[in-house]
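First up is the structure itself, then whatever we jot down about it.
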Protein chains: 2
Amino acid sequence: MAAGTLFYAQSGGVTAVINATAAAVIRAARARRVPVLAGRNGILGALREELIDTSALSAAELKALAHTPGGAFGSCRYKLKSLQDDRAQYERLLEVFRAHDVRWFLYNGGNDSADTALKIAQLAEESGYPLVCVGVPKTVDNDLPLTDTCPGFGSAAKYTAVSVREAALDVAAMADTSTKVFVYEAMGRHAGWLAAAAGLAGQGPDAAPHLILFPERPFEEAPFFARVREVVERVGYCVVVASEGIRTPDGRFVADAGGGKDAFGHTQLGGVASHLAARVKDALGYKVHWTLPDYLQRSARHLASETDWRQATAVGEAAVEYALKGMKGVMPIIRRTGDRPYRWTVRPAPLAEIANRERKMPPEFIREDGYGITDAARRYLEPLIRGEAYPPYGRDGLPKYLDARLPLVEKRLGPD
Amino acid sequence: MAAGTLFYAQSGGVTAVINATAAAVIRAARARRVPVLAGRNGILGALREELIDTSALSAAELKALAHTPGGAFGSCRYKLKSLQDDRAQYERLLEVFRAHDVRWFLYNGGNDSADTALKIAQLAEESGYPLVCVGVPKTVDNDLPLTDTCPGFGSAAKYTAVSVREAALDVAAMADTSTKVFVYEAMGRHAGWLAAAAGLAGQGPDAAPHLILFPERPFEEAPFFARVREVVERVGYCVVVASEGIRTPDGRFVADAGGGKDAFGHTQLGGVASHLAARVKDALGYKVHWTLPDYLQRSARHLASETDWRQATAVGEAAVEYALKGMKGVMPIIRRTGDRPYRWTVRPAPLAEIANRERKMPPEFIREDGYGITDAARRYLEPLIRGEAYPPYGRDGLPKYLDARLPLVEKRLGPD
């Protein structure tokens, strides 16, 4: 192998399986005798020259890493400015890469990260520094173009479908004398992918979830209330799944309705589920309950989808392969080659076609009445939540997740 | 066997494993050739003469029932009045029992249900009707006296500990540039059992959850804020687990603080987690997130504790045995006979010592500073979440839960 170091960084919101990708990257690089440094807190680790020495990970720890949720090296919400606006930052990155002989840069994130990787590649090219930049897909939002799905989404989708099915059984059992309307709030600020996944929990008009609210459709109270009442009267209870990103016809986030400041100037935190539940209670008089799973839905490694876990592993392996082959500016993506049975392969796609582009949910995935998913959506979604990739558990009844304090390599530069 | 029918009913909030108890009851009764009728929606089913014929359940369905969350026959929140205040209701129950030759009544619930079972037993005795009333324990609140634990609690406790550990890994990965304080709201209006279970997620001063808020201790903002700040400054982030039942020193529920009506007369739904998160944001300026798992925590059969599931099964079997032996007014309880390894047996306890009595969390389970659990609590709690009792999954990636529409037996009486 050519001499040099591979730098790997995690970016943006973490997932239940991003560490499976990390473990695959490290394992694949080790097999080729390429040392891997990981950015502490993502790209900030490079800017601050806080580089984690992954050679400290034992084989057993690497195995544990592959089934640990969260981001083991730290991730960050930090978008570099444009090359024109902050050239110095990009130069600092190259300086750190040079100091540590980084020849391959793997950036594990969404569309923003693809963009950043491209800009770094551009500057390296201009400065004549030999650097191969490769993106690695990851996001529970499932909004990257070209790829069939994004690692992280399938597990969050499985969590959503299973949780909604279980909670619905609870509500069904008690509805006669207790809660009649239950609202589940799913992540998805711009697209309703996770809300759509909830639709897998049941089939037929009487099965929960009875109503799904998508950000792709404007939310109007009156028809929604009418549907809730109709379902309660017919089925006995109504399970609603609401995307956090639903908006009123004039474009305001419904989630913000309950937020802001109260009369005492105290912050009121918003939320779609609590707001809808309160409105249903006022308008229809039903007893309501609601849930906001928040980070639980994207960190639930205990309920990971096996498909998702395998894909997260595969893109990590492919990214190393592409990088070491010198394939600049690509990202391994998942290509669906069959539906029944689900078949997929990994192949490279140009980062330039991924950067800053958002994949929307196809309109044909949403039922005509706007409150549910179609068979086409089921066909797409179902394989993504298939299979259980359980983590090992200890005698204490808890999953054995990696808890390693990894050393940073010694700094070779002054502060940024 | 003596001729007659066994009547089984579920009462109050359902759990991830109450149907395991139901399946055990039906199986044990079948083995003794005793037919089992189940109340549709608990005791209301008896009052309305809506009795489910469990003989319609095939062996495969019975097996599926044992790993299905929720209450398959329906439960209810319905407390019978005292015998003096509504003797007619109790007489109606006996009338229905007589009409269907019910000789054994198994009531699966908490302290209220124990009380109801006792009253029915009393009236049967007075009227000379041969009826054996047996209680069967169930509650995620873990507040029944005498028993080591209550079936349903262990699984909710496991869900809580695992979820907190997973979410904490997510928060840890992002804290540098994102959420610094995360608040998890655990069920527990009167006792902090589930909040305490969250303490199993980590050990040592830096491990999440960093702060647990128990209803057993008055909640004061100033010292809480100081602790949050101290943890964030030391660890980089702070995971808080709050019991829904925490109160201010003057006895008001903290959860009600954000509730009530807003300036437009709209309902605002309360909640401990959203309130605390907002207050922390205002007082300390940190980015906050929070979760309200609500029913998800008590219906998460996918993450059931094997210990809990076994105990739920064992109390069902024992209840049938006691009933058919003619042991009146008892409840099978769990007796702990060893800690390491955890050993337990089932034995009968008098319903009269359980009815309307609440078991509090021992003060020695809460750390002196009030924000965590002690080693004694760990020793008690850990075995209860031990082992994984996974449900089978289908090719669709979802647990195979029972979805049976069971027939009601024909009515023999007029309406109530």
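A Cβ is built for glycine as well, from the same backbone N, Cα and C atoms used for every other residue.
Note: TrEMBL annotation is automatic and uncurated.
Per TrEMBL, substrate is bound by A:Thr139, A:Val140, A:Asp141, A:Met187, A:Gly188, A:Arg189, A:Tyr295, A:Leu296, A:Gln297, A:Arg298; the candidate from A:Glu91, A:Glu233, A:Glu244, A:Glu353 named for the same site is A:Glu244. Between the alpha carbons (Cα) of A:Gly188 (substrate binding site) and A:Asn111 (Mg(2+) binding site) lies a span of roughly 15 Å.
Reduced to three states, the DSSP call for A:Thr139 (substrate binding site) is coil. With a cut-off of 8 Å between CB atoms and residues at least 6 apart in sequence, the same chain places A:Gly110, A:Cys150, A:Phe153, A:Met187, A:Gly188, A:Arg189, A:His190, A:Ala191, A:Trp193 near A:Asp141 (active site, proton acceptor), listed in sequence order. Contact with chain B, taken as any Cβ pair under 8 Å, is found for the recorded positions A:Gly13, A:Leu296, A:Arg298 out of A:Gly13, A:Asn111, A:Asp112, A:Thr139, A:Leu296, A:Arg298. In this record, substrate is bound by A:Thr139, A:Val140, A:Asp141, A:Met187, A:Gly188, A:Arg189, A:Glu244, A:Tyr295, A:Leu296, A:Gln297, A:Arg298; the longest C-alpha to C-alpha distance in that set is 17 Å. Taking a C-beta cut-off of under 8 Å and a sequence gap of six or more, A:Asp112 (site 'Important for catalytic activity and substrate specificity') has these contacts in its own chain: A:Ser11, A:Gly12, A:Lys79, A:Asn356.
Here the domain 'Phosphofructokinase' (A:9-322) has a mean pLDDT of 95 out of 100. Neighbour density around each Cβ, counted as other Cβ atoms within 10 Å, peaks among the binding-site residues A:Asn111, A:Thr139 at A:Thr139.
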